[in-house]
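Student: Next up is a structure, given as structure tokens.
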Amino acid sequence: MAQPAYHRVGDEDDIELDDIHGLPRTAGLRQGSTRRQPKVIWLIVFFLINSLAFGIAAVPRINLVVSLICRQTLDSQAPGSGDAGSTEPVVIGGHNPQCMEHSEVSSLTALTASYGNVISGVLSICTSTFLSMLSDRVGRIKIIAYSAVVLLCAEAVLVVLANSSASVSYKWLYLAYLLDGLAGSFSVIMAMASAYISDCTAQEQRNVEVGRMQAAMFIGIAVGPAISSAIVGSSGQKSPLLVFYICLVMRAFSLVYLSIVPESLPALVAGTISRNAPLFPMLNMSSAKSFDIRAQLDRINPFKWLDRLVPSGTIGSTLLRRNVLLLLAINFICYSGAMATSDVLILYPQMVFKWGNVENNMFMSIVNAFRAAVSALALPLLIKLFRKAYPESGGGRRRARNTSTSTNTLYEAAPFTPRASTEDEEEAEEEEETSRPRSPTATDTASPSPALPPHPDPLDRTLLLTALVTDALGYTGYALAPSGAVFTLSGALAAFGAVGTSTTEVALTKHVARARVGELMGGLGVLQAATRIVAPAVVNVVYAATVEAAPEVAFLGVAGALVLGAVLAGGLRGA
């Protein structure tokens with residue numbers, strides 16, 4: 001069955017929209033225009049609350065996992081060793097120095113995190129594409145809300161385990177990882193935030209807006225550990241789970257706030273698309289052809305996905321596809337650097353420098369404070385100076401090419417009348433459409449002109465190189481640090497690396513049609529979910545194998561990967 005086509009309609013376009021079930025759609029849009037308008041500031045507040053909740057429980061979450069594993073490990077060793085009375089009792093969720101004295105506890109913790117990341121990553125691959133593409137139909141906020149609710153349930157599982165008896169196995173931790181995967185993990189929320197920004201922000205402002213969003217996130221992650229340290233310092237080991245209860249309350253409050261955040265895609269039009277064009281034809285039970293396995297495999301084929309994002313047959317498409325592939329590879333490396341060592345950054349200083357909860361929290365606060373400063377202050381200042389020094393570097397040129405395109409756009413169904421045709425005729429039409437080069441349509445009006453191939457903005461390339469090089473130097477500093485102070489300074493040096501992932505996402509949105517942003521973010525979600533499987537598993541396994549002899553090897557490996565990313569960034573070329 002033929003499917004309706006969709007194109008972007010600017011706010012200034014004078015188009016009379018069709019009625020839906022007798023209701024004039026223009027009336028619905030006028031009514032919506034009197035309500036709250038989508039602005040990035042709405043989402044920034046949500047990220048500030050949610051990241052603050054994450055930061056409060058970040059270090060205690062690792063200690064909770066360590067204490068659960070340590071309790072079961074020591075209990076299994078004590079009867080045979082005769083040391084049952086010589087070992088201090090394990091405080092669940094608290095600081096337990098006796099646990100870090102056993103290398104097998106640290107090794108088992110790293111392996112547990114690796115297996116959990118595999119579970120979460122595999123499920124994220126299955127859900128992230130669906131959720132990201134679904135956001136083009138139902139809106140970005142609904143997908144963010146779903147992920148936030150499931151992540152709240154994952155935190156609740158940890159609290160239940162912490163209050164359980166010693167007979168309950170620590171392997172129930174995998175249930176929390178499973179829920180994290182069903183939510184699409186935090187990468188889906190970040191992808192939806194990027195899509196939200198793309199919906200309501202001009203291209204030349206996206207780097208700044210993404211920087212502000214990341215600044216809010218890093219401020220929360222920086223202030224959260226400081227609050228956690230204050231709570232732990234005042235209560236000691238008496239109530240180590242208090243931080244988790246506060247985290248749950250704040251996550252619930254962020255969901256309440258999210259209910260008032262305006263959608264970047266108008267709800268009326270989003271609902272119309274959902275009714276007229278189901279996301280997956282297999283859900284249309286009225287058509288037997290919907291179950292064509294070949295068509296379903298094409299939807300998850302990465303080469304077909306790239307063909308939809310960057311159609312072949314246009315001038316400069318080869319160079320454009322090369323740049324897109326390089327940006328995807330750089331995104332993989334940047335995200336790997338951020339995700340791979342999240343557990344090791346807590347475990348390593350506890351073993352090498354004998355840090356406790358307070359020291360770990362202060363490290364997290366200082367590093368994320370630098371990241372927030374980079375995102376909120378240094379990044380906008382660098383962009384402003386760069387645009388002044390190179391006024392023709394991309395922002396002005398894109399503005400000139402896109403003056404007819406509104407930044408506040410919406411999805412609109414093109415007029416379409418079904419016609420009767422035989423199944424053979426429909427198959428012949430599909431084969432003809434897929435075999436011939438695709439010509440630019442209204443869907444692609446927001447993409448750069450085929451006559452002037454798009455190319456990486458020199459600003460994006462500069463930001464990527466700076467982020468990757470400083471991040472590599474920071475990880476090298478982690479490996480060579482002789483003291484905790486130098487270790488913390490290395491984290492501050494790597495702060496600029498935080499903009500690497502977001503810069504690649506912004507650069508990619510400039511290379512595809514705006515109607516394909518949701519599909520782009522779905523593919524990035526799959527890539528980042530795969531990264532969550534590969535990168536942490538590799539680093540944690542390496543750390544578990546070298547923790548006794550050379551625990552710094554894991555940091556040096558990540559630094560080498562970041563250097564490779566800088567080489568790839570230097571390979572981005574324009575027309």
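Glycine is treated like the rest: Cβ placed from N, Cα and C.
Keep in mind the model is a prediction, meaning the values are calculated, not measured.
When I checked TrEMBL for this same protein, it listed these features:
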- 423-433: compositional bias 'Acidic residues' (COMPBIAS)
- 437-449: compositional bias 'Low complexity' (COMPBIAS)
- 392-457: region 'Disordered' (REGION)
- 40-59: transmembrane segment (TRANSMEM)
- 110-131: transmembrane segment (TRANSMEM)
- 143-162: transmembrane segment (TRANSMEM)
- 174-197: transmembrane segment (TRANSMEM)
- 217-236: transmembrane segment (TRANSMEM)
- 242-260: transmembrane segment (TRANSMEM)
- 324-342: transmembrane segment (TRANSMEM)
- 362-383: transmembrane segment (TRANSMEM)
- 487-508: transmembrane segment (TRANSMEM)
- 553-572: transmembrane segment (TRANSMEM)
Student: Under an 8 Å Cβ to Cβ limit, what residues of the same chain, 6 or more beyond the ends of the transmembrane segment (110-131), are close to it?
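Tutor: The answer is 65, 69, 143, 146-147, 170, 173-174, 176-178, 180-185, 187-188, 191, 279-280, 300, 343-344, 347, 522-523, 525-526, 528-534, 536-537, 540-541, 543-544, 547.
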Student: Is the number of Cβ-Cβ pairs under 8 Å between the transmembrane segment (242-260) and the transmembrane segment (217-236) three or more, considering only pairs separated by 6 or more positions?
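Tutor: Yes, the transmembrane segment (242-260) and the transmembrane segment (217-236) are in contact.
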Student: Are there residues at least 6 beyond the ends of the transmembrane segment (324-342) whose Cβ is under 8 Å from a Cβ of it, and what are they?
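Tutor: Same-chain residues near the transmembrane segment (324-342) but 6 or more away: 187, 306, 309-310, 456, 464, 467-468, 471, 475, 478, 497-498, 500-501, 504-505, 507-508, 511-512, 524, 527-528, 531-532, 534-536, 538-539, 554-555, 558, 561-562, 564-565, 568-569, 571-572.
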Student: Below 8 Å between Cβ atoms, which of the listed ranges 40-59, 174-197, 217-236, 362-383 makes the most pairs with the transmembrane segment (143-162)?
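Tutor: Answer, by Cβ pair count: 174-197.
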Student: If I count Cβ-Cβ pairs under 8 A between the transmembrane segment (174-197) and each of 40-59, 217-236, 362-383, which range comes out on top?
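Tutor: The stretch with the most contacts is 40-59.
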